[in-house]
Amino acid sequence: MKGKGGDVGSRFPLSSREVAAASTVVLGFVLGLLGVYLTMPASDYSFLKLPRTLEDLQILRDHLETYTSDYTAQVLVGYCMVYIFMQTFMIPGTVFMSLLAGALFGVFKGVALVVFTATAGASSCYFLSKLIGRPLVFSLWPDKLSFFQEQVNLNSCLTCVYFAGKMSENCFFNSQVARRRGGLLNYMLFLRLTPTLPNTFINVASPIVDVPYHIFFLATLIGLVPAAYVTVKAGIALGELQSIGDLYDFNSIATLFLIGIVSITPTLISKSK
């Protein structure tokens, strides 16, 4: 990158090798879903689409219930492929997939399935961002990223508040990671347990701010369990839900924050000593 990033911004940010790698990931998911589709019996599958509303989800649930008992392996593989694909490429709607897991598989199997697929999808997004995320950010915000990195190196984020949108969010996350290296697992657990930052943002930003994968993986695997339980349990009584907002009432959010505070307490105590 020369000067203030003019050369980077004037060309496509990804090399042909990076584009090929990302395309291979997409192709792998497409072939996997095609394989599942070809092993299913001949039928009308027009109902198969990503649910965007509770009504869509109920229609999908009603059709898949019979297939789940007769073609359990195919439904499981198809479910996992779709969920991981959505997580990898930050496609909205995974909350509907979590509800569907509860409706089809019950609480315990549903929670295990959601935590597995969400962790696998987050990991896939992490590595994809590690591969192509940094050059994209350097291309779109070269000057700001350099400035933010300087702020992180100085362990300060005061100036970053001036900027709005995702870059200020990225700066905040970056500085917090830099300040909390000693208790990073606790901090990442806190972020996963609470709605402080969007999970999608955490998936994309973690490799860019050098969160080690083993910490990212453990925080994701453990931290997603409470929210997954709430969502999967709600999926069992799908017909009673009036809106997605009913999933997280005040008590649910307060409980998640309480668990998050407990997770970060050891770090706070060690710093006070």
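Glycine is treated like the rest: Cβ placed from N, Cα and C.
Features of the protein shown, as given by TrEMBL:
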- 20-40: transmembrane segment (TRANSMEM)
- 76-101: transmembrane segment (TRANSMEM)
- 91-235: domain 'VTT' (DOMAIN)
- 107-128: transmembrane segment (TRANSMEM)
- 189-209: transmembrane segment (TRANSMEM)
- 215-238: transmembrane segment (TRANSMEM)
- 250-269: transmembrane segment (TRANSMEM)
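The stretches the transmembrane segment (215-238) and the transmembrane segment (76-101) meet in space: the count of Cβ pairs below 8 angstroms, excluding pairs fewer than 6 apart in sequence, reaches at least three.
Note on the domain 'VTT' (91-235): its mean pLDDT in the predicted model is 75.
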